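A.B. asks: Look at TrEMBL and you will find GLU352 tagged as active site, proton donor. The active site feature in TrEMBL is assigned to HIS383, LYS511.
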Amino acid sequence: MSRTDLSEWQALEALAATDGARHLRDLFAEDEGRFERFSAEAAGLFVDYSKTRITSDVLDGLLDLARATRLEDRRTDMFRGEKINATEGRAVLHVALRDTAKGKYFVDGADVMDDIQSVLSQMEAYCDSVHSGARMGHTGKPLDTVVNIGIGGSDLGPVMVTEALKPYALEGRATHFVSNVDGTHLAEVLKRIDPERTLFVIASKTFTTQETMTNAASAREWFLASGAPESAVADHFIALSTNEAAVTEFGINAENMFPFWEWVGGRYSLWSAIGLPIALSVGWKNYRALLDGAAAMDRHFETAPMKENLPVLLALIGVWHRSFLGMQANAVLPYDQYLHRLPAYLQQADMESNGKSVTMAGAHVTYGTGPVLFGEAGTNGQHAFYQLIHQGTDIIPCDFIAAAESHNPLGDHHEKLLANFLAQPEALAMGKTPDEVREDLKGSGMADAEIEALVPHKVFTGNRPTVSILMERLEPRTLGSLIALYEHRIFCQSVIWDINAFDQWGVELGKVLAKAILPELKGWADVKHDSSTSGLIARINRLRRS
Ligand code: F6P
């Protein structure tokens, strides 16, 4: 049975034409309690969703849909370690990585907590040894520089968190991230580091990813070319992976490998050994606080009734905007410079998870699923793409994120930042009517005809939905909660859409074709493609050889 056959789905379709068309201006005008009614708080995060396009009837309808799609059962399945990633036959247990409860998380009947604790202890001991100087480079210099080599989930989470927690970074330490196979990425980092002080962290779940293996091999070559003996590789290269055989084959000793497990999805892996560069940057206590913050959101998600459950509520609103009101994108706009990589991180988390168009049973969906996610730190985005969000033909729901307290209370910068954080959602919701525009222009002494010509350009239709997420301060704990909030929102949406959020077959075809094209670029194989691809290969080969 398709989701669209559910009476709950059809009831919402009917509501889309009535309640879904109501203007936020009117909804606020007729209900003084709208903010209280449509806001909630958990795990250090306050979420105002009153400026989204919902009414009480819509929310009730969405909660009915959640029940009809057995969202609570699916949540239980995830926490129980059921193989909810059906196409890969895997459990999805990143929640276990940040919990401390024994006897709660099982995969194939085995409690995973001892394994988790043992890797956490290995990571903690390693961090301590690097930070204390007990572990040094091969010439006796401190290992104060980390270069993480990884891509996708083995890069985006660690980069985003390391940037976000910069105020907690241990003094005198530098962390670099190299992901792109474009040699420029690695080369620019290598220019700035001292091989004798550098620890290369090769992060790859599979340890087969072309970009990461290529960068790792080049980093190793550069390290040896600096005069380091082969035996020094053990002091300067470690691996974070699930694939011990490939790690050993690369030349990294198993004792320098920090393992994790197939039930940790790449884009959910910053809570596993993949988080080591974060811990090396901010220290173990802060990394643990990050995990604790995520665990606090997990408890909320696991136990709060659906109508007070933040990830559930945000998921339902997302489904409403996407599948019933036809909004195709979602902007994530952190009003916090430290969160400048959050949109990039969430692009993978959301789009690799819910960019799917077949149901769990393999049927084509007939409704919109994962939105196009993009964003930028406020206020930079305001001077770039907000024009389209305010007056473009598409309606783009936005998430505004801010902390009440700044780590850098410089003059009145933070008040100005917060004023913008508040003003944008207000403008998007309320807009500016033609009469208001006329009123404004009249004061300028402009002629009536001129005013009328300008009015349509200066009108803001408003009724553009936003969610505002507010925290006291961006700290390891609140950051952990924020990431977990999004993770669970994405999962809940996948349940309602009846898609698998945990596989990513869509990334495969391009990888396979790139492997076939590589020998053709090297001139080792004949070129056999469509005329466009073949033509481009021929042109590149001519340009490179001329
Ligand atoms: O982009 C596809 C993907 O498989 C992601 O899901 C993953 O995070 C990334 O590649 C990196 O994979 P690995 O950690 O195995 O190198």
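Note that Cβ sites are derived from N, Cα and C of the backbone, with glycine treated the same way.
On this model, are these features tucked inside or out on the surface, and what's nearby?
C.D. replies: Within 10 Å of the C-beta of GLU352 (active site, proton donor) there are 23 other C-beta atoms, taking all protein chains into account. A helical conformation is recorded for GLU352 (active site, proton donor) in the three-state DSSP classification.
Of all Cβ atoms in the protein chains displayed, 9 besides its own lie within 10 Å of the Cβ of HIS383 (active site). In the three-state DSSP classification, HIS383 (active site) falls within a helix.
In the three-state DSSP assignment, the secondary structure recorded for LYS511 (active site) is helix. Counting every protein chain shown, the number of other Cβ atoms lying within 10 Å of the Cβ of LYS511 (active site) is 11.
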A.B. asks: Could you measure between HIS383 (active site) and LYS511 (active site) for me? Cα positions, answer in whole angstrom.
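C.D. replies: Spelling it out, the Cα of HIS383 (active site) and the Cα of LYS511 (active site) are 36 Å apart.
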A.B. asks: Compute the C-alpha separation of GLU352 (active site, proton donor) from LYS511 (active site), stating it in Å without decimals.
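C.D. replies: If we compare the Cα positions of GLU352 (active site, proton donor) and LYS511 (active site), the gap is 15 Å.
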